[in-house]
């Protein structure tokens, strides 16, 4: 029996390619991808270069400086016994006291092991015998004589009593106020200065005016003892009388 002809059927020549179904493409997987190998090799190469540079810097050869000759020791003795037993005296030794009296600030070290010298007791000065005072209503008797009268010489002034104590100078200051302030501060700090008489003397030195702070002790022994204690405490003190 003959097959019926379909009027809408297309022959192979009349088929449109873009209307044909597309076969699914299956991607074959397998093998190893080498895309990450190149960056890894680059990092390893960079690390090797850095390590090599560090190694070269630490182990590079440095040209030695100097001749490398040995210094020969001198044949002469390097220690010489001083001619004086007390040792060599340097210029300016002992100027601290003078500079302090001029009001200058002197930096020095204190010898805490120093022992005050043995005090020397001064003999008290002889007191002058006071002259008897004449009364206010006393009148001189004049003898009746034709000769000239000779006036009597005035009596000699009575000598002032010499102080028996010793004076210590605690410093020289550019103004009287600063000297007074220093004296009050030291009296508060050191109780043994409270009972000593404190005075401020004005002095002219090399055209400059200074005010010297001084205290008076009852004896030379007390003055030396007070000065020794003040020096140990870091203060300036000098027995001047």
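Each Cβ is built from the backbone N, Cα and C atoms, and glycine gets one as well.
In TrEMBL, annotation is done automatically, which means it is predicted and not curated.
What TrEMBL records for 122-134 is compositional bias 'Low complexity'. Taken from TrEMBL, the feature domain 'SPOR' covers 160-241. As annotated by TrEMBL, region 'Disordered' applies to 122-159. For 36-57, the entry in TrEMBL reads transmembrane segment.
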So how many of the residues in the domain 'SPOR' (160-241) end up helix, strand or coil by DSSP? 30 helix, 29 strand, 23 coil
Suppose you look only at the domain 'SPOR' (160-241); what would the mean pLDDT be? 85
